[in-house]
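Pulled from TrEMBL, these are the features on record:
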- C:18-151: domain 'Molybdopterin cofactor biosynthesis C (MoaC)' (DOMAIN)
- C:Leu78, C:Cys79, C:His80, C:Met114, C:Glu115: substrate binding site (BINDING)
- C:Asp129: active site (ACT_SITE)
6 protein chains.
Amino acid sequence: MTDSAHLTHVDEAGAARMVDVSAKSVSVRRAVAAGRLRTTSEVVDLLRRDGLPKGDALAVARVAGIMGAKHTPDLIPLCHPIALHGVTVDFELAGESVEITASAKTADRTGVEMEALTAVATAGLALIDMVKAVDPAASIEGVRVLRKEGGKTGDWVRPEDRP
Amino acid sequence: MTDSAHLTHVDEAGAARMVDVSAKSVSVRRAVAAGRLRTTSEVVDLLRRDGLPKGDALAVARVAGIMGAKHTPDLIPLCHPIALHGVTVDFELAGESVEITASAKTADRTGVEMEALTAVATAGLALIDMVKAVDPAASIEGVRVLRKEGGKTGDWVRPEDRP
Amino acid sequence: MTDSAHLTHVDEAGAARMVDVSAKSVSVRRAVAAGRLRTTSEVVDLLRRDGLPKGDALAVARVAGIMGAKHTPDLIPLCHPIALHGVTVDFELAGESVEITASAKTADRTGVEMEALTAVATAGLALIDMVKAVDPAASIEGVRVLRKEGGKTGDWVRPEDRP
Amino acid sequence: MTDSAHLTHVDEAGAARMVDVSAKSVSVRRAVAAGRLRTTSEVVDLLRRDGLPKGDALAVARVAGIMGAKHTPDLIPLCHPIALHGVTVDFELAGESVEITASAKTADRTGVEMEALTAVATAGLALIDMVKAVDPAASIEGVRVLRKEGGKTGDWVRPEDRP
Amino acid sequence: MTDSAHLTHVDEAGAARMVDVSAKSVSVRRAVAAGRLRTTSEVVDLLRRDGLPKGDALAVARVAGIMGAKHTPDLIPLCHPIALHGVTVDFELAGESVEITASAKTADRTGVEMEALTAVATAGLALIDMVKAVDPAASIEGVRVLRKEGGKTGDWVRPEDRP
Amino acid sequence: MTDSAHLTHVDEAGAARMVDVSAKSVSVRRAVAAGRLRTTSEVVDLLRRDGLPKGDALAVARVAGIMGAKHTPDLIPLCHPIALHGVTVDFELAGESVEITASAKTADRTGVEMEALTAVATAGLALIDMVKAVDPAASIEGVRVLRKEGGKTGDWVRPEDRP
């Protein structure tokens, strides 16, 4: 740890603040985040069957994720309320889990990784809500940023040693 | 999987709905959920140092969790807006992680596990927001219900084979 | 018009107020409302085709309606924030329109017709949002209560002379 | 219907998304929408009398409409949260109805017709809330865009054959 | 100060919490709060003139206060989301000030003084917003509880030595 | 009072409106507001002691203020939803009061004095919530703008004759 490492969201006296980004330039920024619903094969089968006409379960979770991204500044105390210019949420059904991937895009003064992460977490919570009567032990794992693009700090890709 | 297993939040045609709980009785219900911020020892040290006078970082995350519990019906599409009569959020700093535990309590017609889970997830997101400049790879793991009490279905404790 | 007719939501001096319902008893109340998206047969065909696996358009509008019901006290200034114990939103595709029906149920101190109406209006707005690139002239018609049940004033059914 | 007609808010697999508008340019955009409260002449008389000093009913509905416009991205799942630079809501009392007109203006990357429509619908719902004790059968009719200005697609005026 | 004096909203370790009120009984509770916009006689004249037909300024502030009361649990981190069964907001124009009085009523498990105070503060902020172009120095003074009724602790009236 | 003095937020007929600012230029704007919690020396001592490790009370109020600033357009009916690029909230404990100062910064088309004022008021309400069990008579005084910078009207400093 270098001497200069510190939490940007608290000042030198430790007081929380919304960091001033008014001098940062407007540029296109994008972030992709992922996570995983860990449940039972029974639940994954139910969700797969729901892939029939009018099956709303995955759509409900997708909408929850997209709307969750918009709620980010309401949920994360020190997050800036920013423009949000595009959000996608995707699911992939596996044996005993559902992989959740979300991307968020903006042309604004700060990054959108919190929006992508909030989309993943909210979609995961919505999935748990819908499956909890069948599997009350379902959990959300690995909510993390996969990559970021744009902004002054440039691109970032999740290092391989951080699974 | 038994034949009767189904997703309670969609009807027989697959359409999403907010399940009718108006006939359920008002009783005290409680849920405890947990999760974990996985980060670096450097970040955990920074959070620990923040445990000095006026260090707000953990308090910000705690407030985020408590307010997140109140936001649950805004975030989870099919969740009932219910009374919320008590919420606690606690953190335990370990080597490379922060354990997050939340409890929610109500005297209402339905359970509060979604409120406890949302508190954990929101506190975790707030922590990531505050540490992401130092550790952009921080993740949230194991967001899950530990136990539920009260209500018609009675008490539930997380089984040992579901870590 | 009888002499006693007046707007309950303003006092004798004309000032708006949230009417005191604290003395009303908790009882099960239900309301059903309906409305109609008027659009083109082309759009209705697109929505019908969307009834294939993973077609989310109607699910998005259904979720919008259910969440809209929960937002009622945020939107209607003098509405009470009440418990909401069940909501359903249904669509029926016709030639050039989509019939929208919503029901809301509560066990609380006041009725839920505003919640049912808000669900219909919000679902209709969400449909317009999704079809406006194809039909910018789509409109919402006939947002109205069909019937109410429960509460002190008893049941009410929409009279035939009010289409 | 041309072959290329499709719902812009779902991808080729039918999954809902918030369409990426980050590459669109910031320009002034305006939309005007309208609708109508259909009620009884008795109610219209009550609202007209309310046009006396301190009569708040129409003001409550106007505020509901303006605040409703601001709530648009909370209500419409796939709507972008955009800057909103001006909103007006006007009422015209007629025999058995109240004409509602709303305009919304922005300098941002996407149009504001949903904001204008939401203002009309919310003002209409607020009117129903205030008159429902006198006329429980009041309805909202013809919520529709009258014209749009600005943006890449240019101006649009409601065609005469779409009343 | 007695030894037992402590902040109820933090535990013995100083951690914030939403205090558990699930064991408290449902009873009718009421609170009245007040405050004052301090401005210029010019502004008070403008507001008084606005007391003509269609003058919306005081109505806007009244609606802001009523809706502010509903927003209380969103604004005050440790406040319980409770039922709110009646709210009134009144203004009295004096020489260089506007007296603001709000009352809130509930039949729930905890008091409503925060709701009454939030109504006063929000109405005051809305007044400042509307007069700030004429008087940028307008201020809000004396936001305080006048009296509380109901609940286990019984009635409370503001003591004369606390102006 | 000059003849031209009028309330900008209502039109010539008195109807409320969100003033059109789409033609104003984007520039950096800043506002500082202040206020005061008036309570007892006992409460101030409790808050001071809370300045020990893990004492959350002031942090809760600070977070309330920062999040309150973000809620401004939800609370103030005619306020524009704007970008908010930085917020700070500070407290100074004195004998029988807590001085509250908030600053808000943006690069947008309109000023941020309402955001700064809302931060002060919300922080003050959160403090009252936490101390009301010890001092039910605590009040908020002097919520006012101290200075504004940027924008077309230029800088403004609170005149000395307006305390």
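Counting starts with 1 at the first residue shown.
Positions of Cβ are set from backbone N, Cα and C atoms, glycine also.
Quantities reported herein were computed from a predicted structural model and do not represent experimental measurements.
C:Cys79 (substrate binding site) carries neither a helix nor a strand DSSP state and counts as coil. If you take the Cα of C:His80 (substrate binding site) and the Cα of the residue listed as 'active site', they are about 28 angstrom apart, rounded to a whole number. Taking a C-beta cut-off of under 8 angstroms and a sequence separation of 6 or more, C:Met114 (substrate binding site) has the following same-chain neighbours: C:Thr72, C:Ile76, C:Cys79. Less than 8 angstroms from the CB of C:Leu78 (substrate binding site) sit C:His9, C:Ala16, C:Arg17, C:Met18, C:Val19, each of them six or more residues away in the same chain. The local packing around C:Cys79 (substrate binding site), expressed as other Cβ atoms within 10 Å of its Cβ over all shown chains, amounts to 24. C:Asp129 (active site) has a Cβ environment of 25 other Cβ atoms inside 10 Å. Less than 8 angstroms from a Cβ of chain B: among the recorded positions C:Leu78, C:Glu115, C:Asp129, that describes none of them. Cα separation, C:Glu115 (substrate binding site) to the residue listed as 'active site', rounded: 21 Å. Chain E comes within the C-beta cut-off of under 8 angstroms for none of the recorded positions C:Met114, C:Glu115, C:Asp129.
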